[in-house]
Amino acid sequence: MTIESIRVKNLLSFDDVILRDFRDINCIIGRNNVGKSNLLKVIRYFYAKLENKKVIPLDFHTNYNAVGEITFTFDTTRIKKIVTSRKNNGRFHKHIYNTLFKSSSVKLNFEELIARKNSTNKSFFSLTLTICKDDSVMWSVDDPKVRSLLATLYPFLYIETRHIDLYDWNPIWKLISNLNSFNFDDVDHDELVNFLDEKISSRKGDYKKYIDRVVSVIDTKPYTYKEKVINYIKVAIKGDSFVNAGEELFTQSDGTNSNKFLETLLHLLITLTRTEFISPIVYIDEPEVGLHPKLAESFVSNLNKIYSKFKKTSELSGPGRYKTPYPNIFYSTHSPSILKQTIKLFGKDQQVLHFSKKKDGSTRVNKINSTYSDERFLNIFSDNEARLFFSEYIVFVEGATELELFRNLSLLNLYPAFSLADIYDANEVILANINPGYSKASIPFVIIKDIDTLIDYSIKTEKFSLRPLFEKMIKELTKEFDYYDTGFGRVRKEIDLFSDIQSSTKKHMDSGLFFKRFSLHNLSSRINKVSRKLNRYFMTTTIEGALINEQSLPYFFNWIGDVILTQMTINNPNPDKFIEAMRRRYNIKSQVVPLFKSVFCIGLNHPVYSSAVDKQALRIKLSFLNYLKRKVYSDFNNEKEIVLALRLAFGGKTETQYTLDKLRKDGEAELFREKIKNYKNNELFFLEPQMTKTSGWVTTFLNYTIEKITSEESDDDRIRQKLSFIFPEIISIIEQASSSIEAEESSLTG
């Protein structure tokens, strides 16, 4: 390991942040403007001052504090072991030992003391840079030799892909010069000139004389150590102009060059440090820039191949594999493809750091749980799941109908903030691994489930039973509250109430369709008050029930009427003769249902009829609509029963949480079921194909209702107010998410 920790105090968006326990691969994610690039600025500034460069000072996070600090704690365990070994007594080894380890004048700071306390067999070295208001700086270690040596042993390289010259790869030479510890002291300049003179001169002395003439004319400063490294390496290879797959760089696309540049740089970084004690740090800002998603995946895959090639483990050993610690590689990304591949391929050798903003505007950094032991999850972990790590708000649902509902464009137009939420249909395997409650990402979320995932009711025994999820939730709630927490007593009381439900009898009526006195709505409300802490919301009914209720019933009837009037076409290529024939066969007053069924069907196209046919068709439709409404109100006792019949017809459940299929299997509510069956076969035959999940009725009904309300109300606020009255559960979920998103947006822009 290269770095043990980085601490930043009162600089840029950082109030006081400590990053520690780095892995070989460190993937940084987060929304724009949360401080990801500020980490790069801080590290870059620290190293610039380490190398005595003049750079623009960093802004303070708050001017109430007169100073800012950057503290790097380096892991010197390996280098100390090397330089204290009897085998290594070279000049540079002695210099390292005398500079870093022999002196007792270097005091340990708090981070170093903590690090030593936690690992007595390890060696650490901390260096703090203090920035003052007058732009002056102070180092915790005065000796410039120490700082220079740290810059040599732990070099820093950064790549901002948006700003690199994709046709000039010379920065790679700088990298190469930083990754070795060659000794040039024994290289005699005159001997080198004589050697070359002997090898390349056509006549003895020609090369030497040529060099002498050049030196007599020009005046140059001596090569630095790094320049010597580059020149000696270039002499030994066939050329120093980079090509990509044998082609000149200018002939390649920007994306191809960017990918190859990064691959080459990281390949060299890993390869050249396997037998060196220099431990570099590299930071790549948005490596995905200019890359196709599949090429972005290949970038991580190829990095993993070279990483694995040299890695020595108990299972993998042999020539060419080393236990040498890898460089610390950081890359910040907005790419789900890169994040996905990092998590899947690097396992425990990676970590994901999630940057977000606190309410006060300072940067928060959370280490995400990004290692998974569940191979089922890793097998299905795709870009769809990875993109949730970048979400502003996540709504986890349990069905395609919910996806259709919450992604409805008409709704999103009325609630623009909600359009920023990710709606995700998650099974239990994915939900257990990807929800922010597990990953520890600072992403607000809610898990929406039906109440029947918690409880089950038997019409025969008139008793509830608690499902496993309820038992699990009770355990989680108990853990969430401390015994002395002021809210513990209230939650404990609610938990006891929930547990008592299964031992009490709840009478039903109307053949088990409704409860007699028990209110499922009240139970759901009480559950949601305490489950909110677990980011869970349980709907009193299903999505079908939330859409079809007593408040929405008038709109549902109007929607059915709209389907009849606008979507039903004449079921014959000769409409004039056909409609006359059907009129003669069926009496419009006493046989309107068979007449309607014979004449009309749901049509994809809307042919133009003669005015006479239009009038005849409209008369039949209106007669049928009047008959349908009268029949519905005569067949059922009240609107509560009408709503239930429609819910069940469209795949919903009774108040006692029975579907039509379950009622049939248990032999319950036979008369009620028979009524629904008759409606499906006769009066509502044209809707029967839509009475299934994802058939499209949710979208068409919701669009119709919003359009209808829009025509009734004067502004969006009144439209939203009416929607909240008609669909209270649905809109409360949307409003809660919107409020959270708007608050987050405000903190980012404020």
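Just so it is clear, glycine is given a Cβ too, placed from its N, Cα and C backbone atoms.
Together with ASP450, ASP452, Swiss-Prot lists one candidate of GLU392, GLU398, GLU404, GLU494 for binding divalent metal cation 1, that being GLU398. It is 21 Å from the Cα atom of GLU641 (divalent metal cation 2 binding site) to that of ASP452 (divalent metal cation 1 binding site). In this structure, the CA atom of GLU398 (divalent metal cation 1 binding site) is 34 Å away from the CA atom of GLY35 (ATP binding site). Comparing the Cα of SER623 (divalent metal cation 2 binding site) with the Cα of every entry in VAL34, GLY35, SER37, these being the binding-site residues, the smallest distance points to VAL34.
Rounded to the nearest whole angstrom, the C-alpha distance between ASP450 (divalent metal cation 1 binding site) and GLU402 (divalent metal cation 2 binding site) is 11. When secondary structure is read from DSSP and collapsed to three states, ASP450 (divalent metal cation 1 binding site) falls in the strand class. The Cβ of SER37 (ATP binding site) lies under 8 Å from the Cβ of ASP285, SER332, each of which sits 6+ residues away along the same chain.
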